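See structure below.
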Amino acid sequence: MFLRAVVLTLALVAVTGARAEVSPDQVATVVWDYFSQLSNNAKEAVEHLQQSELTQQLNALFQDKLGQVNTYADNLQKKLVPFATELHERLTKDSEKLKEEIRKELEELRARLLPHANEVSQKIGDNVRELQQRLGPYADELRTQVNTHAEHLRRHLTSHAQRMEAVLRENVDNLQSSLTPYADEFKAKIDRNIEELKGHLTPYADELKVKIDQNVEELRRSLAPYAQDVQEKLNHQLEGLAFQMKKNAEELKAKITANADELRQRLAPVVEDVRGKLRDNAKGLQESLAQLNSHLDRQVEEFRHNMGPYGDTFNRALVQQVEELRQKLGSYAGGMEDHLSFLEKDLRDKVNSFFSTLKEKENQDMPLALPEQEQAPGPLES
């Protein structure tokens, strides 16, 4: 069953990665995904999870991955799966309730802002234009950096391949001993250059989050005079907007990382082919090296092509989200699933809090405990 696999994965990720500081966002994504995908079958799936079979499988999994289960891992195992199950139960129970609360919140906001509808629409429009002006240079800079660092990677790797060709010409009678160190170094160079590429490009997502916070705060200040007695409700909607916009920034970072890792994977087979030909004749190896050069050019160009639109696509997504807020605060009633972003935000906040508690308890060398574990699950706060 899908949910069983997800929670097994959740436990494995947390346990095997606990010492490597696994990201709470990674765990929250797993929980949110199974909440989203299971839909109407969630209740039955959660009940199935609580059967003894799950405990047996998790015990076997922990033993397989960790050998002797230490106290920390054992406590984590006992806390994580119930926590994930409880979160899912809360999500399932509170989804419709929150949906109604958001509907009422928007109704009150629209009623309060209605006398100033034109001014509110104008302020949001101004904010959209400021957002476009802020983000435009980032899209251009990202594209420039992609081209610059991809070209640097291509030149660096091509230079190494050319050195291998030169060594081949000079050591035809002793290929394996002469070229094996170069082949090993080439693979290491690919890994280093890919990591450097990611290191140069992924910080853009964090910079964009800062711009998002600035833009949303300016929007809040510009709308505050029109929402004096419903400021808390406006703030809540703007928090939801910022959350959605930052999700786009995280997705941009994930796409950059995924494309860089895919480039690494596409280069690996040709490098392995060269290594495999070290035992063969010089002609076969020379052909493999020639293929390596052309393969490098082709794969780096494909990487640049794939990355090219990401900045502009990100900008359009953010502008669209601000425009959707303008529609929700106007006559448009809003989408049927507006509440889901708030539900997901609350989920991620709770997972972050849970992991903070785990870390604090571990640092204090105290038994792990889920806050309010003995109390009945309460509703997600909106």
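One is the number of the first residue shown, and numbering goes on along the chain from there.
Heads up, the Cβ atoms here are built off N, Cα and C, so glycines get one too.
Annotated signal peptide per Swiss-Prot: 1-20, in sequence order.
Per Swiss-Prot, repeat '1' is recorded for 33-54.
The region '13 X 22 AA approximate tandem repeats' feature in Swiss-Prot is assigned to 33-330.
Look at Swiss-Prot and you will find 60-81 tagged as repeat '2'.
Taken from Swiss-Prot, the feature repeat '3' covers 82-103.
Proximity of distant same-chain residues to the repeat '4' (115-136), defined by a Cβ-Cβ separation under 8 Å and at least 6 residues beyond the stretch ends, is recorded for 208, 211, 214-215, 218-219, 222-223, 226, 314-315, 318-319, 322-323, 325-326, 329-330. The annotation repeat '4' is assigned in Swiss-Prot to 115-136.
Taken from Swiss-Prot, the feature repeat '5' covers 137-158. In the predicted model, the repeat '5' (137-158) shows an average pLDDT of 90.
Residues or ranges marked as repeat '7' by Swiss-Prot: 181-202. Using a Cβ-Cβ cut-off under 8 Å and counting only residues 6 or more beyond its ends in the same chain, the repeat '7' (181-202) has close neighbours at 142, 145-146, 149-150, 152-153, 156-157, 160-161, 163-164, 167, 253, 256-257, 260-261, 263-264, 267-268, 271, 274-275, 278.
Positions annotated as repeat '8' by Swiss-Prot: 203-224. Outside the repeat '8' (203-224) by six or more residues, the chain places 113, 120, 123-124, 126-127, 130-131, 134-135, 138, 141-142, 145, 231, 234-235, 238, 241-242, 245-246, 249-250, 252-253, 256, 314, 318, 322 with a CB less than 8 A from a CB of the stretch.
Remark: secondary structure over the repeat '9' (225-246) totals 21 helix, 0 strand, 1 coil, with classes taken from DSSP. Taken from Swiss-Prot, the feature repeat '9' applies to 225-246.
Tertiary proximity for the repeat '10' (247-268) is limited to same-chain residues at least six positions away from its ends with a CB under 8 Å from its CB atoms, namely 25, 157, 187, 190-191, 194, 197-198, 201-202, 204-206, 208-209, 212, 295-296, 299-300, 302-303, 306-307, 310, 314, 317-318, 321. Summarising the annotation, Swiss-Prot assigns repeat '10' to 247-268.
Look at Swiss-Prot and you will find 269-286 tagged as repeat '11'.
Per Swiss-Prot, the feature repeat '12' maps to 287-308.
What Swiss-Prot records for 309-330 is repeat '13'. Here the repeat '13' (309-330) has long-range neighbours at 106, 109-110, 113, 117, 120-121, 124-125, 127-128, 131-132, 135-136, 138-140, 142-143, 208, 212, 219, 237-238, 241, 244-245, 248-249, 252, 255-256, 338, meaning same-chain residues at least 6 beyond its ends whose C-beta is under 8 angstroms from one of its own.
According to Swiss-Prot, the feature region 'Disordered' maps to 362-382.
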